[in-house]
Amino acid sequence: MDEGGARVKTLGDAWAWLGDPAHWAGDDGVWHRLTQHLVLTVVCLLISCLIALPVALVLGHLGRGGALAVNISNVGRAVPTFAVLVLLLLTPIGTWGDGPTVVALVLFAVPPLLTNAYVGMRGVDRSIVRAARGMGMTGRQMLWKVELPLALPLVLSGVRIAAVQLVATATIAALAGGGGLGRIITAGFNLASTPQVVAGAVLVAGFALIVEGIFEAAERLAPGWTRGTRRRAG
Amino acid sequence: MTGPPDDCLARNEWICGDYLSTRRQILVDAVVQHLQLTSVSVLIALAVALPLAVLARRFGWAAGPVLALTTVLYTIPSLAMFSLLLPVYGLSAPLVVAGLVLYSLTLLVRNILAGLRAVPEETRQAARGLGYGPIRLLLTVELPLALPAAMAGVRIAMVSAVSLVTVGAIVGFGGLGNLIYSGMNTYFKAQVLTASALCVVIAVAADLLLLGVQRALTPWTRAVRA
């Protein structure tokens, strides 16, 4: 068979792999891995938001710590996810089951949240802030009623970038023994089964694109004032 | 009778000078592979991204599809990207390079296009008034003015590539990622920490090097600021 034919056959085999109900059931099955991936992504997104957003909003409101908030994104990009996962695995955290995965996921989701929220808060027109102060608003009122609503588009774009990042990091976690859809890929490599590797990759890519699509749809359906110009920080 | 050696390798410590001296060749080989994979990928991506961005700038209708496609590519997690390319390239270095090219494309196209769009219309009209044709306008006016934005894209793409290469360990071509992967399987702390630290050092060094190149290429940006 020529090379092109072999490729078509691999795609057909991957399709057949996905069609086999046996691959969807059980602890190593697609449904279980999909649930793990979803739970990891949602839980870690919530934890990261709880950590990053209050810090970024307060720092942005006070106008302090800007260099840290902006540079942390660049640091996050330079440190390989895989290296952090393995380093955590070899520390005492490694014995906690999903511990290394959760810690690594949160570590990589915090920078985009922090940077975008901070830049959003600082990007609020200073004359509007001064007007709010002139009307006698307290700092707390200004934060909640003026700055946060105006910064919301960038805050939400940070959440979106973090969510996509989380899906990707949860996939790499499989290399270090973490749960999730990536396990289907790594198991495929261990079995030298190209169809399983490709099938797992299709599932992961589909999952990531659906997450991105949900945010895209939410952005379009949201009221106009939450939108604004989309910028990626860093 | 001598007992087992009592050095930092035997104690499996995180930081170990003996590791550096006894495994020097392995480390050098891994760093060289790491540098080759990243630089080749970013260079190919640059060669593809430049015409794409120019096309998207010249023909407005092309911008939407080009940006949408590169965004979709960027959304796919790296491990899945390498896996999707497996039937095409097999377990080989070109697989890792192809995956990294696809990632870098997004960052480069977006930044070059933003740079080209930021060229003021008056500047363009002034060049046309001086008799510049479209090619000369592009090469001597638009591209130089887009250079700072483009270089920002190259820097981000380079740093991302240095970090993403490590995932290539799944197919055996991950540069320092190979050492991290084997260190994980053998619980070799010094190897994992040394390789990880080297990754960060390479990323920072590449970023600073490109910043220097950018300064050298765009002397006028400094003159304006001064």
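Using the three backbone atoms N, Cα and C, a Cβ is placed for every residue, glycine included.
Curation plays no part in TrEMBL annotations; they are all automatic predictions.
Per TrEMBL, these features apply:
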{"type": "DOMAIN", "residues": "B:31-210", "note": "domain 'ABC transmembrane type-1'"}
{"type": "TRANSMEM", "residues": "B:35-54", "note": "transmembrane segment"}
{"type": "TRANSMEM", "residues": "B:66-85", "note": "transmembrane segment"}
{"type": "TRANSMEM", "residues": "B:91-109", "note": "transmembrane segment"}
{"type": "TRANSMEM", "residues": "B:156-180", "note": "transmembrane segment"}
{"type": "TRANSMEM", "residues": "B:192-213", "note": "transmembrane segment"}
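The stretch from B:66-85, B:91-109, B:156-180, B:192-213 with the most CB pairs below 8 A to the transmembrane segment (B:35-54) is B:91-109. Contact between the transmembrane segment (B:66-85) and the transmembrane segment (B:156-180) holds: at least three of their C-beta pairs are under 8 Å, each pair 6 or more apart in sequence. Proximity of distant same-chain residues to the transmembrane segment (B:91-109), defined by a Cβ-Cβ separation under 8 Å and at least 6 residues beyond the stretch ends, is recorded for 37-38, 40-42, 44-46, 48-50, 52-53, 56, 66-67, 70-71, 73-74, 78, 81-82, 85, 150, 153-154, 156-157, 160-161, 164-165, 168, 171-174. Listed by sequence, the residues of this chain that lie at least six past the ends of the transmembrane segment (B:192-213) yet keep a Cβ under 8 A from its Cβ atoms are 14-16, 19-20, 27, 30-31, 34-35, 38, 151, 154-155, 158-159, 162-163, 166, 176-177, 179-180, 183-184.
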